[in-house]
Amino acid sequence: MAPSSYFLLAVLLALVAYQANASDPSPLQDFCVADKHSPVKVNGFVCKDPMAVNADDFFKAANLDKPMDTKDSKVGSVVTLINVMQLPGLNTLGISLARIDYAPLGENPPHTHPRATEILTVLEGTLYVGFVTSNPNNTLFAKVLNKGDVFVFPQGLIHFQFNPIHDKPAVAIAALSSQNPGAITIANAVFGSKPPISDDVLAKAFQVEKGTIDWLQAQFWENNHN
């Protein structure tokens, strides 16, 4: 085989290996319950001794059937996330779950999950949902969902949910393709970073006066995750 062919083969194998590791790692055994007390640092969590695993490692009394109180939320929503931090048995399984409660006219503001695709179904009420594609097109894909409808948000793309009904709450359940999907709420990250991003930078980026940026940075940017 010519040297160029060896090189192309090596590049191909590198790309395949990269794609294989571009999301949560696939399990190599039946389960790998997270040992959150281990001093060993890995990408995720090391496995608990299988002989010490019991059914409670795969169980959580989460009360997801109970509505969450949204009255103290500035954005009018509460996200109850069940990931590997709450349920150690999710380690290496590449999945997590969230219940989202929306007040009338409440929203789950524009955000992104850097490590997960999300699929959402409406349990009660109505939601206006959507996501925006990456540069340069920044195309908005949006729909109004009713009870029983399903919508998917591709991994890493900015998305949102809004309850357009002024007198009725809404509830949704979402599944995410990572044991720890992460969430970056756009307004919180841009205007609520610690330390703050320079107002010169943000004024230039948003094409507004620095006073507007200073006002935005002075607001309390709420985390609506329970």
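Each residue, glycine too, has its Cβ placed from N, Cα and C.
Just so you know, TrEMBL annotations are computer predictions that nobody has curated.
Quick look at what TrEMBL lists:
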SIGNAL    1-22  signal peptide
DISULFID  Cys32-Cys47  disulfide bond
DOMAIN    62-214  domain 'Cupin type-1'
BINDING   Asn108, His113, Glu118  oxalate binding site
BINDING   His111, His113, Glu118, His159  Mn(2+) binding site
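For His113 (oxalate binding site) paired with His159 (Mn(2+) binding site), the C-alpha to C-alpha distance reads 9 Å.
All protein chains shown were included, and the count of other CB atoms within 10 Å of the CB of Cys32 (disulfide bond) stands at 22. Counting Cβ atoms from all protein chains shown, Glu118 (oxalate binding site) has 22 others lying within 10 Å of its own Cβ. Long-range Cβ contacts of Asn108 (oxalate binding site) within its own chain (separation 6+, distance under 8 Å): Val75, Ser77, Val79, Ile100, Tyr102, Phe160, Gln161, Phe162, Asn224.
Same-chain residues that are not part of His111, His113, Glu118, His159 yet have a Cβ within 8 Å of the Cβ center of the Mn(2+) site turn out to be Thr112, Ala116, Phe131, Phe153, Leu157, Ile158, Pro181, Ala183. Residues Asn108, His113, Glu118 make up the record's oxalate site, and a Cβ search at 8 Å around their centroid adds Ala98, His111, Thr112, Ala116, Leu120, Phe153, His159, Ala174, Leu176, Pro181, Ala183 from the same chain. Nearest by CA distance to Cys32 (disulfide bond), out of the binding-site residues His111, Glu118, His159, is Glu118. Neighbour counts of Cβ atoms within 10 Å were taken for the binding-site residues His111, His113; the minimum is at His111. Sequence-distant neighbours of Cys47 (disulfide bond): residues of the same chain at least 6 apart with a C-beta under 8 Å from its C-beta are Gln29, Cys32, Val33, Ala34, Asp35, Asn91.
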